[in-house]
Amino acid sequence: MLQAAQGKGEQEGGGESAAVKRARNDSGNKVSVVLGAQWGDEGKGKVVDLLATESDVVCRCQGGNNAGHTVVVDEEEYDFHLLPSGIINTKCTSFIGNGVVIHLPGLFEEIDKNEKKGLKGWDKRLVISDRAHIVFDFHQAVDGLQEVQRQAQEGQNIGTTKKGIGPTYACKASRTGLRICDLMADFSEFSTRVKNLVLQYQSMYPALKVDVESELKKLKDYAERIRPLVRDGVYFMYDAIHGPLKKILVEGANAALLDIDFGTYPFVTSSNCTVGGVCTGLGIPPANIGEVYGVSKAYTTRVGIGAFPTEQLNAVGELLQTRGHEVGVTTGRKRRCGWLDLVILKYAHMINGFTAIALTKLDILDVLDEIKVGVAYKINGKRVPYFPANMEVLQKVEVEYETFPGWKTDTSAARKWSDLPPKAQNYIRFVENRIGVPIKWVGVGKSRECMIQMF
């Protein structure tokens, strides 16, 4: 029916020169997405790095330099906070999308640090969306002041990275923010708007001291440094999707349980770090999202405060912390540790629709006599069939565990599935079956070679 109708339309076009219709189902190149499935720090950087080696474009779509990815290449450790980790690949374009908030001094400091480690030619491979919002130094100062205020008023803060991310997204939502396109336009107009924004903040926080002139002077220099990198992000992504065949990768920052909508609010980040943020943060349609890879540790960690049902405040938690070197890349804070929680993984899957999972840091469990996995939550002895939205409720849940015998074998040299001890294989299969998503990679160490690919 459809073909006949199409044929008729083409004939009506008249003559030999009628344009050939594009096949309707050809929506262009699909993007692959890597997302955190827990509270961050799952080892997304490693998965991204693995995929980035064969990608043509690697994108960041949300967050700012509150993210931290460490990538090891030829014994050299690179730290990325704002730059997509694809930047080390010389054949790859790195794109910072409109949903990212950019602290320009932070961006250039990061570039300089990585240049010293051997990063070259990045300026030919980096593209920045003109619609991305700018994080000012005073946003970072406000972030710090807000945390102090929360501590004083409520006796607890959120535990933000104090990188100005929250205040910048708040500005964006209240329509007082400034974007890269504003910095690229008339600088005197830009300066006026920055000064007005500072006055607005100072009326709210009388203790806020800002040297506006010096910040503007620095921004004027940065404006010229980034000008060659700035593009209209929507057109850039459209061309990447509808041009020649390309492998496009999106690197999520933060994680599902830190999502502003779906995370353990209010102890969350200020952006959507679930799959929806990919569309809004890059300006691409849902039809162009292909593989969605969820990354989870073989146990669970969390930085800062907030509910954490499977947390182990005991020798097990300490062992995971020390063996796993669980210290934040961005903050240097010790991470809280506990058993793997399948309730949160299933919840993350409901939101993101993972097509496969990467299970990292399995080797950290090598020395344990027994290993537990959280499979359900109970309140007053009754199973809760969902993930509680309210923090007081989540604090109260009891976790139901399945217990597995430890494999007590060093797995760090394993390079294929058959190298893993049967008890470790059993653990992995259990996790896979409970979540209902295939595990595509198992990580047993720091470097690229330590990711066992299953299929």
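Glycine too: its Cβ is placed from the backbone N, Cα and C atoms.
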Next on the checklist: Can you identify, from 1-24, 409-432, the stretch that TrEMBL calls region 'Disordered'?
Outcome noted: 1-24
Checklist outcome for this item: If you count the other CB atoms within 10 A of the CB of Gly68 (IMP binding site), including all protein chains displayed, you should get 17
Checklist entry - Could you tell me the C-alpha distance between Asn254 (IMP binding site) and Lys46 (GTP binding site) in angstrom, no decimals? => result 14
Checklist outcome for this item: Rounded Cα distance in angstrom between Thr70 (GTP binding site) and Gly332 (substrate binding site) is 13
Checklist entry - Given the IMP binding site residues Asp41, Glu42, Gly43, Lys44, Asn66, Ala67, Gly68, His69, Thr161, Arg175, Asn254, Thr269, Arg333 in the record, what is the largest Cα to Cα distance, rounded to whole Å? => result 34
Checklist entry - Given the recorded positions Gly43, His69, Thr161, which lie within 10 A of Arg335 (substrate binding site) by CA-CA distance? => result none
Item to check | C-alpha spacing of Gly332 (substrate binding site) relative to Gly68 (IMP binding site), in angstrom | outcome: 11
